[in-house]
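Peer 1: Residues or ranges marked as domain 'tRNA intron endonuclease catalytic' in TrEMBL: A:268-361. Positions annotated as active site by TrEMBL: A:Tyr298, A:His306, A:Lys353.
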Amino acid sequence: MPSTPRQGATKAIGRKNENSRIYAYPLPLVLEPPEPPIRWIPNALGLFGFSSFRVLNPYCKGIFDPDTKSVWITNSGDSLILWRRGFFGKGNLSRSEPSWHARQVNQRAIAGGVSTAEEITAKRRAERKQFKLDRAAALAAAAQEAEAAFAAGGSVSPTPTINIPSAATWKPSTPLVAGEADSKSPVINPDVETNDVEDIEHLQLTLPEAFFLIWALRCLGLSQSDPTAQQEMSLSDIWLSFQNIHLGPSFKSAAQLLSPPARFDNPFLINYVVYHHYRSLGWVVKGGAKFCVDYLLYRRGPVFHHAEFALVVCPVYEDPTDKKSSPFELQNTEPFSWSWLSTINRVNSQVQKTLILTYVTIPASAKYSPQILLTPSCLPEYSVREVTLRRFVPARMRD
Amino acid sequence: MDESLELPSLTPKIPQPTDSTEGADEQSSGEEDGGPDWTKIPSGSSKFSVRPVIPKRGEKDFEPSEGSALQQHMLGQMRSAMFDALNVPRTASNKSISYAIWIPHLRRAHVTVARGTLFNGMGHSVPRPLSPGEDDSLGEEKLHKRLELLPEETLYLIERGSMFCWMEGDVPTNIGPAWEDVAGFPISVQQAYAEMIGKDDLTLEKYQIYAYLKRLGYVVTRARPPTPFYPTPAPYIPKRSMFNWLLRFWGKIFTGIYALFSRKRNWWRPLHLGGWWDKHTNYASIFSSLRFLPAGHSRPLMPHKSTQLGTTGDTTTITSPYTIFYNLYKPSTPFRKTAPPPPDFSLVVVGARKTPMPSLLELTSLFDLLPEEPLPPPRQRHPTQSKPLPVPPVPAPTTSSVQTSTLTLGFSRLSRWIYPNWFRNGDAKVQPAVRKINPFQALKFGKKNIVIAVVDAGTTNFYRFGEGAFEEWPMV
């Protein structure tokens with residue numbers, strides 16, 4: 001029996017509650033309220049601005065991989081923490097959440113318990129295809145019927161007898177299979193299958209993501225991909241190598257100090273400023289290449305809602321001579337043509353996202369000593385401004 | 001119909017035959033692409049009696065099937081509907097037509113007979129000396145106020161068939177008593193285009209935008225007066241009240257003192273965790289202590305000398321095509337020609353092929369000219385309930401409320417910083433009352449808006465650029 005709408009609704013609510021529980025923490029840090037020996041003590045302390053909250057820092061381990069310009073989290077426990085608490089990174093074999101292993105297990109068990117996001121999408125696409133075929137067939141039948149009616153009596157608009165399915169009314173014609181699968185699933189013992197599959201997936205973090213975790217939250221430690229180097233990289237090493245990596249392959253090695261002078265227009269710095277700005281405002285920031293943009297902003301996270309905003313990062317040189325001398329070919333430093341702007345805007349309004357032009361000013365290098373770029377103290381010299389873009393349709397704005 | 005669109009406050013007139021055809025045409029132009037549905041437009045025989053009936057449109061046939069008699073029949077029906085509609089002679093009543101004379105050296109049309117409600121949002125009065133020869137005996141020039149039209153206004157009325165226009169010349173016109181001392185010859189629409197485009201900064205693109213918006217019922221005026229007699233709304237001057245000044249002054253002093261006494265920030269450790277002094281009792285405080293990057297349009301943008309945009313009178317600077325050209329008033333906005341209110345929208349017109357989108361500098365200089373807009377009212381679930389409410393008078397009360405809200409916000413932030421725990425419970429009560437607006441809507445709307453009309457060989461696109469303020473609406 002197909003599920004009634006009410007059942008569907010309760011299912012959705014259940015899933016929502018479940019997600020709220022799994023993804024309860026917006027950051028990998030967990031704040032733990034203390035268990036006071038005497039009740040009034042924390043309140044009294046709070047009055048003076050003190051608190052005895054404990055911060056639980058998971059302190060994850062990552063490996064810096066210069067070739068892919070990313071940071072790998074190979075420990076699956078760490079990956080899970082970073083994904084579930086703040087949606088950092090993506091699985092290298094998955095769309096977002098590292099779910100490759102679960103998919104493999106599901107596939108072997110044929111009907112697993114919970115489908116992964118990729119499986120749900122595949123199922124939806126197959127259904128959609130079937131719906132389109134059904135609709136085309138119904139439309140053709142209706143046209144034939146109308147044709148016949150016209151030939152018979154010259155009536156132009158007969159009431160059609162064939163029901164043309166719409167997206168709202170169409171139902172997949174295979175609910176029985178799903179029901180069978182449901183009844184079967186307890187029989188299969190997934191444990192046997194799970195042991196066969198080795199989890200070869202890792203979580204990959206972009207450099208701004210990694211630096212945010214390392215520097216701002218201090219919950220990630222980084223080591224070199226070179227297995228001989230046992231030590232963790234120092235913050236200063238990380239800071240310089242994340243910048244150097246954009247200078248080309250010859251500057252990959254970390255400790256190489258700024259043989260070309262460090263520059264304010266390093267792509268890592270610009271992207272980090274944008275990433276940090278929106279993260280600090282509480283947004284979940286993910287890449288947006290799928291939608292012609294640089295970043296997408298989610299309010300709580302991708303599992304809860306669709307992204308609300310699509311950001312295009314437009315760097316603005318305060319001093320145009322810096323642009324001429326730049327080794328980086330930064331994108332979007334020049335204003336777009338109208339046709340391109342229209343393209344991006346169309347793509348994003350089609351998927352209910354608002355396009356935001358995020359302008360990042362690049363400080364004029366002449367004003368600062370090059371020493372400022374050796375530490376993150378240069379970050380407050382940048383500034384971020386947004387310009388929102390929407391189409392204006394005069395016919396609809398008349399009131 | 002057209003006129004009743006433009007001024008809905010007036011009692012609607014009985015649609016005249018010509019108007020009804022035009023009105024129907026415009027309704028279909030609301031659907032942007034594709035040609036008009038000719039079956040909507042009444043054919044010649046029924047034009048005086050029957051209002052156009054909009055037939056129900058059916059499903060689109062995606063695949064033309066060969067040899068389908070039904071499809072052939074439908075196509076034929078549509079085609080004949082189009083020819084019928086085009087066959088109707090376009091007529092206008094003599095009583096509703098206005099008369100004007102175009103004076104080339106003034107680049108204005110002098111309206112001798114003004115008829116119809118269109119003139120409620122068009123034309124301005126200019127004192128001109130009476131024509132020479134008449135008052136010579138007095139020895140001094142006598143000024144006489146008369147109604148004049150800008151080039152785009154003249155062209156629009158001629159093209160619309162609402163006005164006969166003569167070009168000033170030697171031939172006596174001999175039309176009627178009002179035209180005794182007028183000499184000239186009548187001009188056609190084509191002549192009018194040739195004569196008026198290019199006068200007084202009116203490009204073809206700007207005229208196309210003007211005509212499109214006028215047809216939709218907007219009142220469109222020039223933002224920069226071409227002559228001192230042209231009435232424009234009082235320019236927006238950023239408010240620098242004593243209160244604001246004091247606020248900023250004390251803010252500066254406090255930040256100065258704070259900077260003096262606070263430890264120098266260790267840039268390798270932006271966030272302090274785990275100390276007994278640490279004040280993080282919730283995620284909001286962690287996030288807010290990470291907000292140390294400068295953001296927002298309120299901080300001055302420091303452009304390099306070579307890229308600075310031109311202020312008036314500066315010779316070395318680059319002139320930008322992004323200047324506000326038209327002021328736009330919605331049809332529902334009460335508009336007085338002699339004292340125009342602040343515009344509903346400010347419009348820039350550019351050509352799509354010649355001009356790229358505005359740079360940040362150009363956008364900032366446009367935003368600097370505009371007042372902050374109040375947030376749009378929250379979307380109503382039941383639009384019928386909102387109907388009896390009058391249109392709220394916009395600027396005064398909202399700006400003050402914005403000020404107080406930023407003040408209280410600043411105060412609460414300050415106090416939260418001093419006593420983080422104290423305000424934890426209080427916040428929960430206060431916040432929802434202050435923020436009834438959906439933050440997404442506020443973020444999308446921005447604080448200031450500029451409309452840019454982009455014209456590509458007659459195809460128009462309008463974009464709205466808003467001054468975003470994400471830093472004012474943190475999600476946590």
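Cβ coordinates come from backbone N, Cα and C, glycine included.
Keep in mind that TrEMBL annotations are predicted by a computer and have not been checked by a curator.
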Peer 1: In whole Å, how far is A:Tyr298 (active site) from A:His306 (active site) when you measure between their Cα atoms?
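Peer 2: Computed Cα spacing between A:His306 (active site) and A:Tyr298 (active site) is 7 Å.
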Peer 1: Please report the Cα separation of A:Lys353 (active site) and A:Tyr298 (active site) in Å, rounded to an integer.
Peer 2: 10
Peer 1: How many of the residues that make up the domain 'tRNA intron endonuclease catalytic' (A:268-361) does DSSP mark as helix, as strand and as coil?
Peer 2: 34 helix, 25 strand, 35 coil
Peer 1: If you count other C-beta atoms within 10 angstroms, which of the active-site residues A:His306, A:Lys353 is the most crowded?
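Peer 2: Output for this query is A:Lys353.
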Peer 1: So what sits near A:Tyr298 (active site) in its own chain, CB-to-CB under 8 Å and at least six residues off in sequence?
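Peer 2: The answer is A:Phe87, A:Trp283, A:Val284, A:Val285, A:Lys286, A:Phe304, A:His305, A:His306, A:Ala307, A:Glu308.
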Peer 1: Which whole-number mean pLDDT does the model give the domain 'tRNA intron endonuclease catalytic' (A:268-361)?
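Peer 2: Across the domain 'tRNA intron endonuclease catalytic' (A:268-361), the average pLDDT comes out at 95.
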